[in-house]
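Please read the structure below before turning to the comments.
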């Protein structure tokens, strides 16, 4: 193990935050408060998580691991919900989408022998899957709202011709799912060339042979492609219906 | 036979009454013209009949049955609403004219499309024309025949000739006349067009949210 981050070095590195604060102050971005809150939250949350994970890994209990996974999925769903512009049932749609994508991806990884069914492997991977699903779903919600607002007339024309709500929304669904997936597709094209992503970097810093580390990164790339596509697909197909009422009329977005 | 019957129909949005106590009977084969000042509630009335919105008071009956009990999809395929300033979707004319077949799970009837395009003086090669290269008049004509790929029982026209030049107006109205003569489609047309109002056999006026039958 060649990791050397001590409490002292971490305190010194905290000076980097001053750069962000200075830019925020100099350009009058009004983000100073957010940066400070963000830093404090990051330190507290990660410290707590560090101790919780240490405990969970030591206990090595399946039920406890599942509870921790559910908490991760719950938090991710709650965060995705905030991007929904308040349509009804956004939390549960996000929860179902994130839970399903996490379950499917983890099942494949465990069954293929890529990772072991131990908390130290399951929990971090769940976090990666859930957070990527969360971001993808958030993008989908934002895009879907904008498209239903901007393409309202086209949707109405289709409905008036006798289309069901799926046919009336087809273009929006397609474009929105693509929006949810595109960051992952883009980053899979540049992975290794532009960035050495988190998992691979972590392994390399921890002293693992880079050739071994890339195998994990390849696994992560596959995993994230499946995750974001599945989460976007499920969330979009459940969410678009919320833009219509029971009479298959497009709801008024004014005031939302 | 009574095709459409509105009794005590009202529509309000954000506590503002747009239509109040509208009573109207439309017989099959009728050609009803509705006029009135802008913002008086004419378009809202057509949207209610088209089930794009639902009334907040009263009932609309179609073929004797409460509209709220109809499957909106099946109803909208019989009662076709042509928007004021319609939008074409997709990339080309074909995508628009084949959409009615697509949603019915049927094959696109090219002959029908050609026939309708001929009626409204659109060249056959227009079928593959990008929609963003069409003129305003051409768009209106494509939108109108899109509603007619499958013949509706009731056609709702929302100021379809507004903004068109005299040539485009003549083309559109000759199609409507042909439709009336050949296929017996019932028509409700909202218009500001003076000639249409003067020629109307059945005329109603909507003003300040109230409907009054003129003749």
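For all residues, glycine too, the Cβ spot is worked out from N, Cα and C.
Per TrEMBL, the feature transmembrane segment maps to A:6-23 (among others). Sequence-distant contacts of the transmembrane segment (A:6-23) (same chain, at least 6 residues past either end, Cβ-Cβ under 8 Å): 29, 32, 35-36, 39.
Residues annotated as transmembrane segment in TrEMBL: A:59-77 (among others). Here the transmembrane segment (A:59-77) has Cβ contacts under 8 Å with residues 52, 91-92, 94-95, 98-99, 102, 117-119, 122-123, 126-127, 130-131, 133-134 of the same chain, all six or more residues outside its ends.
The feature transmembrane segment is assigned by TrEMBL to A:89-110 (among others).
Feature annotation from TrEMBL assigns transmembrane segment to A:122-141 (among others).
The feature transmembrane segment is assigned by TrEMBL to A:190-208 (among others).
Annotation source TrEMBL lists transmembrane segment at A:214-240 (among others).
Residues of the same chain lying 6 or more positions beyond the ends of the transmembrane segment (A:214-240) and with a Cβ under 8 Å from any Cβ of it are 80, 84, 87, 89-90, 93-94, 96-98, 100-102, 104-105, 108-109, 114, 125, 128-129, 132-133, 135-137, 139-141, 144, 165-166, 169, 172-173, 176-177, 179-181, 183-185, 188, 191-192, 197, 199-200, 203. Remote same-chain residues near the transmembrane segment (A:122-141) are listed as 53, 56-57, 65, 68-69, 72-73, 75-77, 79-80, 82-85, 90, 94, 97-98, 101-102, 105-106, 109-110, 115, 176-177, 179-181, 183-184, 198-199, 220, 223-224, 227-228, 230-232, 235-236, 239 (criterion: CB distance under 8 Å, separation of at least six residues from the stretch ends).
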